[in-house]
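Read the structure below first, then the notes.
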Amino acid sequence: VGEDSAAFQLGEQKLTSWLYFTGILGVVLFALDVLWIDPSTGFGTAFIDAVSSLSESHEVVMLILIVIFALFHSGMASFRDAGEQLIGERAYRVLFAGISLPLAVSTIVYFINHRYDGMQLWQLQSVRGIHEFVWFLSFISFFFLYPSTFNLLEVAAVDKPKMHLWETGIMRITRHPQMVGQVIWCLAHMLWIGNSVAVAASLGLIGHHLFGVWNGDRRLASRYGEAFDLLKHRTSIIPFAAILDGRQKLPKEYYKEFIRLPYLTITALTLGAYFVHPLMQSSSFQLHW
């Protein structure tokens, strides 16, 4: 069996580690604002202007932004082993986040600002029950999208970042939860918005995550060899496939693998994100990206 995901023992936590995490998070957000987001000091506006100058089509610009993000994000993930040997695990994580985070913010803000600028392909927002259905899909998607919350201290490089061989919790359902979550999120937003910009963004994001499926398995196979082959046999890319054909045996009281702090945190943050949607939109509009 692979590693137990989302395991969090309060008694094993060090106060100093979480103080470091809080400090690092504050510094990262401050640097992101000054060096990228703030139009008077950051490079984000110039970056968006440069990409936007390549085409008058919002769909094309949306795809270009996703491709740029994907090249850096997946490219740096592919060179992780070599990079960590060269500069160390923590330094490489900082470099990875320092490049990926600004590009992700730019792509998200551009999508928010231009999500209704494309050609309307269908209009279902007035259909009874569609809002609730889209909300449910979006809510579920975040349980798949963020397995990185299994260890926030590694994400912030407080703990030494590792490449894990997770198998419990959401991993029993699918070996690639981020891809599944992204597909669900994209389908929900395409259904709700129903225009060409939403379709272009969704196709780009899904394509990037499908590549991540191949790339992720390749990297795990290179790192873990036979151990990954055994885990690969017991899990599946398609949700529930390994469970249905008997390769993945669910333990008794399987639901308890989800009653853990990381999953509870995802629940709280997802609900919070829904209620602060208006604030997110108004903040994005102020950037004029």
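Cβ atoms are placed via backbone N, Cα and C, with glycine included.
Curation does not apply to TrEMBL; its annotations are automatic.
Keep in mind that this is a model prediction, so the values were computed, not measured.
If you look up TrEMBL, you'll see 61-280 marked as domain 'NnrU'.
The transmembrane segment annotation in TrEMBL covers 18-37 (among others).
Here TrEMBL flags 60-79 (among others) as transmembrane segment.
As annotated by TrEMBL, transmembrane segment applies to 91-113 (among others). Cβ atoms under 8 Å from those of the transmembrane segment (91-113) belong to residues 28, 32, 35-37, 43-44, 47-48, 61-62, 65-66, 68-69, 72-73, 76-77, 80, 83-84, 154-155, 157, 161, 197, 201, 280-281, 284-285, 287-289 of the same chain, restricted to positions at least 6 beyond its ends.
Below 8 angstroms of C-beta separation, residues 5-7, 17-18, 20-21, 24-25, 28, 89-90, 93-94, 164, 166, 170-171, 174, 177-178, 180-182, 184-185, 187-189, 191-192, 262-263, 265-266, 269-271, 274 of the same chain, each at least six residues beyond the ends of the transmembrane segment (133-158), sit close to that stretch. The transmembrane segment annotation in TrEMBL covers 133-158 (among others).
Taken from TrEMBL, the feature transmembrane segment applies to 179-206 (among others).
For 258-276 (among others), the entry in TrEMBL reads transmembrane segment.
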Folded-back contacts onto the transmembrane segment (18-37), same chain, C-beta under 8 angstroms, at least six residues removed: 43-44, 97, 101-102, 105-106, 152-153, 156-158, 287
